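Asker: Heads up, here are the entries from TrEMBL:
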- C163-C196: disulfide bond (DISULFID)
- C164-C183: disulfide bond (DISULFID)
- 25-50: transmembrane segment (TRANSMEM)
- 70-92: transmembrane segment (TRANSMEM)
- 99-123: transmembrane segment (TRANSMEM)
- 210-233: transmembrane segment (TRANSMEM)
Amino acid sequence: MAGLSRDGQGPIIGKLESQIYCIKYTLFCFNVVLWLFGLSIFALCLWICVEPGFNEWMKILELQKFFIGIYIILIGTLGIMVVAFLGCGSALMENIKLLYIYIASQIGLFVFGLVGACVLLDFSTYDSSIQPIIKDVLVRLINNPMHEGSREILRMVQEGIGCCGADGPMDYLNLNKPLPSECRDSVTGNAYFHGCVDELTWYLEGRTGWLAGIVLASCMICIINSVMSLVLIQAVKKEEEEAIVYKN
């Protein structure tokens with residue numbers, strides 16, 4: 001028990017003391033790792049949100065839903081960095097009430113992180129909910145070639161990413177539209193094989209893959225921390241009971 005001298009209290013209490021020491025400093029180290037993960041996630045989220053040009057692209061293509069998962073993760077990350085300090089303090093003090101609060105917060109962060117990662121992946125990966133949205137926007141732009149803004153957006157996307165149409169060059173042919181020059185490779189002159197839906201999805205995947213991986217790893221650490229906290233609580237309670245028995 002914190003603040004109580006354990007010297008000379010018997011072999012059982014001495015063994016429990018060693019176990020508690022090991023558990024609480026392992027928990028302390030895991031919380032430091034969790035805090036570093038939280039800092040990394042926070043930095044990645046900010047980079048995605050404020051990167052020059054990226055926000056403009058997402059706004060032009062009406063893909064703001066992509067940021068829903070980012071914002072959920074960003075809020076959860078702030079919670080991770082605060083709760084990590086609570087975990088360190090409650091473990092070092094061996095405070096049972098604080099440990100129970102810490103376990104509840106870890107479960108909450110696990111759920112929050114899992115939801116954020118799922119939403120992020122659902123709006124940034126191949127065969128996800130983002131692809132129909134991208135396709136609808138691109139088809140609408142292709143069908144409106146007389147509008148200068150539509151032509152400029154298509155040119156930016158197709159030249160910048162190296163793609164053609166929504167699903168490929170056949171989109172223009174099926175709609176009886178001329179194939180624009182930006183749909184062709186500037187070196188070979190051949191039309192790009194892949195459509196912009198696939199290329200944009202792969203582009204988004206490259207930005208969110210690492211982020212989702214770190215978030216899921218943080219969720220796993222939250223579960224490990226919860227289990228270790230429960231073990232620590234049981235060990236502290238057992239030590240208190242043994243101390244009472246030994247005194248009597």
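Each position is counted from 1, following the chain as shown.
For all residues, glycine too, the Cβ spot is worked out from N, Cα and C.
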Asker: Which listed range (25-50, 70-92, 99-123) shows the maximal number of Cβ pairs under 8 Å with respect to the transmembrane segment (210-233)?
Answerer: 99-123
Asker: Name the residue among the disulfide-bonded residues C163, C164, C183, C196 whose Cβ has the smallest number of other Cβ atoms within 10 Å.
Answerer: C183
Asker: Distance check, please: Cα of C183 (disulfide bond) against Cα of C196 (disulfide bond), rounded to an integer number of angstrom.
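Answerer: That comes out at 10 Å between the alpha carbons.
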